[in-house]
Amino acid sequence: METLNRRAAFRLAGLSALGAALAACAPDAAGGGAPKGDAAAKRFGFTSWSLNEEAQKAAVRATVDAYAAKHGVRIDTASFPYNEYLNQVTLKLRGGQLSGAVQLDISWLAALAAMGKLKDLGAQAAKGGYTDVALSSGRFQDRQLGLPWTTGSIGLVANTEVLKKAGVEGMPATVEEFEDALRKVAKLGGGITPYAAATKAAQLKDILPWMRTFGSPLMEGDTITVGDDASVAAVEWYKKLYDAKLIAPDVDRFDARALFAQGKAAFYDDAVIARGVVAAQSPDKSLTEKMAPLARPVLKAGDQPQALLWGHVIVVVDGEGSDAAADFASYATSDTATVTAFFEKVKLPPTTTAGLADPKVAGDAFTTEWTEKITKTATPNPFWRYAGYAQIETAIAEQVQAVLVGQSPAKDALARAAETAKPLQK
Amino acid sequence: MTATLSRSVPITRAPRGRRPRSRAAAWAAVAVIGLFGLAPIYWLVVTAFTPDERAFTFPPSLVPTELTFDHFTKLADNEKLFGYLVNSVVVSVVTAFLSVVVSAYMAYAFSKFRYRGRKSLMHLVLASQLFPQALLLVTLYAVFSASGLLGGYTSLILSFTTFTLPLCVWMLKGIFDTVPSTLMEAAAIDGASRWRTLHRIALPLAAPGLVAAGLFAFVRAWNDFIFALTLTDPDRQTLPPGLVHTYLGEFQTAWPDLMAASFVVSLPVIAAFMFLQRYLVGGLTAGAVKG
């Protein structure tokens, strides 16, 4: 057996340090200053995960091809899997390998904006005819860095057939009515989970709108208020549902969809695109007719229903071809014929007043109902302003899970979550 | 010339009556380990043959009630998948080849020559294994980007070869250590050059180890996800990112299609392993005990 003597150890340490130093001296791939935007540029890039999503790629490709043909330009497309998208885009933007237009989830905007390489699209936003709520999803520190492509929300969806069988009349409007409806559904038996709420740590951020429902602002100024009386009450209520088996353990969004698709859940949380996703998984071909969006129940009548804003924006990387890419972003998100054709194919609601008023969109009852009941009062997650928002959500989710499994009282757990989240506010 | 090793090892028989019980315990342990190993594969195969609307049945059924070949017929129409497979084969085979060639020479030099700094170099090679590879991704990305190698096969093959070298070198060094130096000396007396001694005597004796090292490098390259996703352009990506790209997304989770594709693309690797497994086992254990 080889032994490492002191001399060899010093040599090894020295060589390791040399290696580390050499690695640190690797040239900055960003290179020098990139050339500025050119509205007449004939070639630019477009990066989008939707280019590879089975349900959306044809519609996105049609938009890209139509613009390229109309303006005589070449658009180089690239795509990464959704779950790895932010990491890849961040790495490539830092390395100077990303240019042109880039699709983003609205929650990722701050992380990329912090790198200071995104173009201000205020001029395009001003003439696009976007709704105020949609525009807010692309704004970062008073700059319009993203043009909204689709704006919706994460809200509650109900299976009206299950509710009818359970004897639930109308949609519950308050938390008390909601809990009552869940208890009625539970009595149906047959393995039905009354509310397929998120209980896995990875998805437990879904509890944030419930915290707001109970009166917690989540943030006041720069102070995280998780751990206040309202958020503690929300988590204790969630724990009560958990103990009463009105929500099930180990459920994330995919599990919830599967349960709902099989008719084994009366309520669950999802985005407006839920209809198509769940229908594709369901043996019940008429499930979409039984699906109904509902405003999140409020603590007391008169309160504003809470929902989480959700959507996609297109940002543009400052540099070569950025003006042309900005024009493409404007076209893809605000040209009425384009956005309504896009809606017809993928059922993602447009972001302009004209697009939403178009008969093709306004005539879709599910989308209209969703917009009226859920998106209308949806607000962004206040943690999105921080690049480390995902870690903040994880810190809260882990502590909520500790409460659910009985490891900690809600007050202590949320105090710990706030403490962990504090240094992540940057 | 042959070197024989014989040692008399006293064999003590277990007390009569305890053997069946210990044998049962051994079988039970094998069964449990087998279950852990095979259950995911069983589930993969079952899901691959399950219709979409049945794949999400809750609670899940361990025995399929309905079978379909739709997910396999869809594979035939997917040209992209074939492209990912070709990329995987190219990257994995070249990585395995390079790893074996480079590590064989390095291991031979560490084993059979004595020179200043030999031990430090050996420990440096081993120390490179201490860094989490994911941490190297950002640095490697910048280096390949600056050198213009980003996007193609080269960046991926160089990365994988670098990662597999330390283990391959130490594995092969152990094997060369077991080859008696008297063999090399005999060859030298007979007039063989060092080059000839290495290629005609040492390498053939280390063949099982070379196969094991090659298989290790092949599997490392075949299974990687994050480097294959980050360092290559979409048309050069290998199967792991390719499959995720094709079947998993923001709202899509085509598990049955993904399982069918995984099943089909695993077949060539399973066949290769079955063919080479005797070398693999022999190679991994050959350098384990010094005579």
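Cβ atoms here come from the backbone N, Cα and C positions, even for glycine.
Those TrEMBL annotations? Automatic predictions, nothing curated.
Per TrEMBL, the features are:
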type: DOMAIN; residues: B:85-276; note: domain 'ABC transmembrane type-1'
type: TRANSMEM; residues: B:24-45; note: transmembrane segment
type: TRANSMEM; residues: B:81-108; note: transmembrane segment
type: TRANSMEM; residues: B:120-144; note: transmembrane segment
type: TRANSMEM; residues: B:150-172; note: transmembrane segment
type: TRANSMEM; residues: B:201-222; note: transmembrane segment
type: TRANSMEM; residues: B:258-276; note: transmembrane segment
Criterion met for the transmembrane segment (B:258-276) and the transmembrane segment (B:24-45) (at least three Cβ pairs under 8 Å): yes
Proximity of the transmembrane segment (B:201-222) to the transmembrane segment (B:81-108), 3+ C-beta pairs under 8 angstroms: yes
Cβ-Cβ under 8 Å with the transmembrane segment (B:150-172): same-chain residues at least 6 beyond its ends: 87, 90-91, 94-95, 98-100, 102-104, 106-108, 110, 122, 125-126, 128-129, 133, 140-141, 144, 206, 209-210, 212-213, 216-217, 220-221, 224, 227-228, 231-233, 236, 238, 283-284, 287
